[in-house]
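As written in TrEMBL, here are the features:
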BINDING   B:K107, B:K149, B:E180, B:Q181, B:M182, B:V183, B:E188, B:N267, B:E268  ATP binding site
DOMAIN    B:111-297  domain 'ATP-grasp'
Protein chains: 2
Amino acid sequence: MNYFSSDFKLGILGGGQLGKMILAETRKFDIQTYVLDSSDEAPSRFGSHAFYKGSLMDFDTVYQFGKMVNLLTIEIENVNLDALDKLEAEGLPVFPSPKTLRMIQNKGKQKDFYVENNIPTSPHQRFVDLSDLKKSIEKDELDFPFVWKCAQFGYDGNGVKIVRSAIDLINLPDVECIAEQMVPFKNELAVIVARSVSGEIKTYPVVEMEFHPEANQVEYVICPARIDDKVAQKATDIALQVSQAFNHVGLLAVEMFQTANDEILVNEVAPRPHNSGHYSIEASYTSQFENHLRAILNLPLGNTASKVAGIMVNLVGEEGFSGQVVYENIEKIMAIEGVTPHIYGKRETRPFRKMGHVTIVNEDMTEARKIAEEVKNSIRVISII
Amino acid sequence: MNYFSSDFKLGILGGGQLGKMILAETRKFDIQTYVLDSSDEAPSRFGSHAFYKGSLMDFDTVYQFGKMVNLLTIEIENVNLDALDKLEAEGLPVFPSPKTLRMIQNKGKQKDFYVENNIPTSPHQRFVDLSDLKKSIEKDELDFPFVWKCAQFGYDGNGVKIVRSAIDLINLPDVECIAEQMVPFKNELAVIVARSVSGEIKTYPVVEMEFHPEANQVEYVICPARIDDKVAQKATDIALQVSQAFNHVGLLAVEMFQTANDEILVNEVAPRPHNSGHYSIEASYTSQFENHLRAILNLPLGNTASKVAGIMVNLVGEEGFSGQVVYENIEKIMAIEGVTPHIYGKRETRPFRKMGHVTIVNEDMTEARKIAEEVKNSIRVISII
C-alpha cells in the first residue's frame, strides 16, 4: 500500500491533544488525514486535510465520516461502536477494532476479561447502578474502603473515587460501576505495547508514574522507571500477556501497580497513544505516536528504546483560574537545557484541565529528575486577570 | 510577550519543506501562523492557521500579507525586499531583516561582504552579465578553470557550474554572476548558528557534507563531522565571526570548505533553517526549526548538542522518472532501527527534485554511516508507471 503523498486517507476519531500529536507524524509521512471532533476549538483542528465537527457518539456522524476514509483509528475510546461495527463489516479497516474498544470502554467488562485471561488484577465487583452497590454494602458483600469507578466514560481522575465510609457514597453518581479492592502499592507503572496489523510486537521501556495527590492526575512520568530489573521484566511480560489477550492493532498502554511485595497487578489499559508515553517524542528513537501510525498502517515498527532519560510533567490548569490561558514562567523553563514544552492549543484554562506537558531529557536521570522538579515549581497555567 | 495559545500571529514567507518543518514546531507551541506561497500544492499548505497563495516577489502581495501578522520570517531568501523594508519601517519585526537578506540574496554582494569583514573565502570576481565575464576572459583577467555562480536566485546546484574551458561558457545564462577560484578541498562543512533578538548565540556541532557528483546536491550530512577537533573549532569560530558580521536574528547556516592544508573558507550562508540541519530533528536536544522559532520570538535558545550521532540522506527524484511519486522500498528502510523518513508532500517527482529526506540516528557513528548507505541504496524516488 502506498500511503506517502498518495490518495490514501486516514480517519481519526477525536481531535484532542493525542490526535494533534498523531497528526504531527502523519505530516512527516505526508498521509492524508480526516479528523472528527465535537468541538471546533479542538487541538487537532489544524494540521489535517479535513476537520469535521460532529458527535463521536452519534451513529450517523461516525458512520458517514468512516465512509470517507480508507482506514479509521481513534484517539479516544468513547466513540459510537455500532457505527464502527457496521463500517468494519462493510470492509473498512478499523484499528483498534470495535471488539477491542467494546472490551475496554466498559471497565467492568475489562476487569472480567483480565480474570478470564489469568491476568493479575485487583479483586473487583460489578454493579449495574448505585443502588445495586449500596445493596451489596448492606448485605456485607462489599467492605470499606474500596475504589469506586464508573464503568464508562471516566477519564483522568473523573469517575474514580476512594470510598472509605458510607459518607463517601453520598456524592457518587447513579451509574454502572465497579468496586475494586484497595491495593497498597509502591509504584504505579506503565508499559506501552505496539502491535502491527501483521502481528509485529514491540514494547516501550517500563515507566514510573507519580500522581498529584489531590487531582488524581499524573504529575511526573519517568522513563525508565527506577525499579529493579526483575520487576521491570515482570511488568513487561504481563503487558505482553495483556496485549496478546486483546489481540489489538495499534498501541496498548498497560497501567499497572507494583505492590508492596513486588507483585504486578494490571490496573487498566488504553488502546491508543497515552499520557505515559509523551516522553517518547523527545527521548525515544521512535515516538509512541509514530509507532501507533506504523502499527495501524502495517509498516515495520520503529525502535522503542530511549536515546536519553526522559521525564514528563503534565501542565494542568491551576486551581482558582478560569479563562484565557497564560503559561507563567514558560520562558524561564525554556532556558533550561533539555526542556521542551508542548502546548495543546486550548485557549481556556480551567482547574486541573490538561493544557499541555513538558518533557525533560538528559543523559543523566538524577539530573533530569532535578530539572523536572524545577520545571514543576516554576511554570503555572493561569488565566489573564 | 505571550505567544502560546494567544492572538499573536507569525507570518512565514514561503511554504516549502523548510516552512513545513517550522510549522511543526509552531503547532507544539500553539502559535498562530499565516503562510504565503506561490503554489497551492506547497508542502506547508496544511498545518497553518491560514494559507495564502501569491507571489513572494510581488510587492503588494508580500506587503498585504505582512500587514496581517505580528512578526514575519522567511523560509526562502527570494522574497520582495522592498515590501519587507516598508513593513519594517512601519514597525513590524522582520527576522531575518531585509538588510541581512539583501546582503545574502546577491552572491556577489555576499562575497564582497566576506572580504570587507576579513572572513576567509575563496577569491572571486563579479560580473554584471555574461558578456562582461567573457570580456574578462579575453583580457586574461580570468583564468580557467573557475566556478561560475549566478548572482541571484540559484539553489541546489542550479546556478552553479564549473567552467573548465571556453566550451563550458556556451550554455551559461546571460545573468549577473560571479567567478570563484576553484579551491581543492578535503571536506565541505557547515555550522548552523542561532542568534536571538536579544543577542543570545548558540552553535550546532560542525557537520560534514558529501555531495552527489552529478547533481551537485548533498547526498549525506553527517553530524558530528569526522574531522580533527582543531579544525572543528576553527570552523565554529569562523561561523561565529560570520554570524557577528551579519548581526542576524534567527538561524544562519554557514557552509565552508576545509582545504587540503586545513584552512577554512566560507562558501555561502543561508539565514534560515538549512538542509544541513535536518538531522537535528532526531539527533539534537533542540531541532534547528525549534531554535529558529525561539530565536525570532526572543525565547531562550535550546540546547544545540546531540543526543546521538545523526546522518541525513536526501531523497531526490530519480533520473528518468516524472509524475505521481512512489517511494520504492520505504517499508524496507523503516524496518531498520533509527531510520525516520520525512516526506515533504510533493505529489509529483522530477529528476533531482528534493522530495524528502531520511534521518539515521545511532549511538555509534560507524554503524549510522553503514545504515545510511543501506538506506541510500534501497530507497528510490520514482513515479507510478
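Just so it is clear, glycine is given a Cβ too, placed from its N, Cα and C backbone atoms.
Curation plays no part in TrEMBL annotations; they are all automatic predictions.
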Largest separation between Cα atoms (Å) of residues that the record links to ATP, namely B:K107, B:K149, B:E180, B:Q181, B:M182, B:V183, B:E188, B:N267, B:E268: 18
The one of B:E180, B:E268 whose CB sees the fewest other CB atoms within 10 Å, among these binding-site residues: B:E268
Within the predicted model, mean pLDDT of the domain 'ATP-grasp' (B:111-297): 94
For B:M182 (ATP binding site), nearby residues of its own chain (Cβ under 8 Å, 6 or more apart in sequence): B:S122, B:P145, B:F146, B:V147, B:I162
Fewest other C-beta atoms within 10 angstroms, as judged across B:K107, B:E188, which are the binding-site residues: B:E188
DSSP state at B:E268 (ATP binding site), helix/strand/coil: strand
